[in-house]
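Colleague: This is the structure I have questions about; it appears just below.
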Amino acid sequence: MKIIHKGLVEYLPTFEAMKTFNAGRNADTEDELWVVEHPPVFTQGLAGKPEHLLIRDDIPVVQIDRGGQITYHGPGQLVVYTMIDFKRRKTSVRNIVSALENSIIATLAEYGIEAAADPKRPGVYVGERKIASLGLRIKNGSVYHGLALNVNMDLSPFTHINPCGYAGMEMTQIADFVQPCPTPDEVAAKLTAHLETQFTPKADNNE
């Protein structure tokens, strides 16, 4: 699995690059993790409803092809796009989602933060507050899009939406629990290590 650090990049070109990568895959294409941050942007998934955008401001809204509803990306949030051929790995989308959740939970545990997935709601939570979001697109036996983990960011734009369609959803981030807060790059080193562990053949075959 190849890990590519892209830094702070605009959302729309990254979205187009994901689609291009997935469309051009073949049986020998190596899976990749893209580690990025984005300038402020709202992304509206396939299930998104306009009424979940509560306040219209100068933050752009991009309609995209992942599952789920509306979320926010901004600087200080660690985003990892998972370009994974799940058929070749003989695994399932559910197992991939679990691997993403488990990797986030293990990463947060390294910082002394107790987090958990919620079977009734997508994402990872600290208590009732959401600290990470997940969203995937399944196409041609592969997945793309991925996860977003709040590290040290301005959370106020989340109040302009119903995050992932949930009214009143409270958000949190690593900076609320750890000071000095690690940088997104420091968190990325731990998170990608856990992702690599989760996506070893042993993990893939543990269905």
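Yeah, the Cβs are placed from backbone N, Cα and C, and that goes for glycine too.
Look at Swiss-Prot and you will find 27-203 tagged as domain 'BPL/LPL catalytic'. If you look up Swiss-Prot, you'll see R66, G67, G68, Q69, I70, T71, Y72, H73, S133, L134, G135, G146, L147, A148 marked as substrate binding site, on the strength of sequence analysis. The site 'Lowers pKa of active site Cys' feature in Swiss-Prot is assigned to K130. Per Swiss-Prot, the feature active site, acyl-thioester intermediate maps to C164; the stated evidence is sequence analysis.
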Colleague: Give me the long-range Cβ neighbours of G135 (substrate binding site): same chain, 6+ apart, Cβ under 8 Å, in sequence order.
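Modeller: Non-local contacts for G135 (substrate binding site): G45, R66, G67, G68, T71, P122, H145, G146.
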Colleague: With DSSP assignments reduced to helix, strand and coil, which class does G68 (substrate binding site) get?
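Modeller: DSSP assigns G68 (substrate binding site) to coil.
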Colleague: As a test of reading the model: what is the averaged pLDDT for the domain 'BPL/LPL catalytic' (27-203)?
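Modeller: For the domain 'BPL/LPL catalytic' (27-203), the model's average pLDDT rounds to 91.
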Colleague: Just counting, how many other CB atoms are there within 10 A of the CB of I70 (substrate binding site)?
Modeller: 25
Colleague: By a simple count, how many Cβ atoms lie within 10 Å of the Cβ of R66 (substrate binding site), its own Cβ left out?
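Modeller: I count 23 other Cβ atoms within 10 Å of it.
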Colleague: Taking the Cβ of L147 (substrate binding site) as centre, how many other Cβ atoms lie within 10 Å?
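Modeller: The answer is 24 other Cβ atoms.
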Colleague: Looking only at C-alpha atoms, tell me how far I70 (substrate binding site) is from K130 (site 'Lowers pKa of active site Cys'), rounded to the nearest Å.
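Modeller: Here the two Cα atoms are 14 Å apart.
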Colleague: Can you tell me how spread out the substrate site is, meaning the largest CA to CA distance among R66, G67, G68, Q69, I70, T71, Y72, H73, S133, L134, G135, G146, L147, A148, in Å?
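Modeller: Between the most distant Cα atoms of the substrate site, 16 Å.
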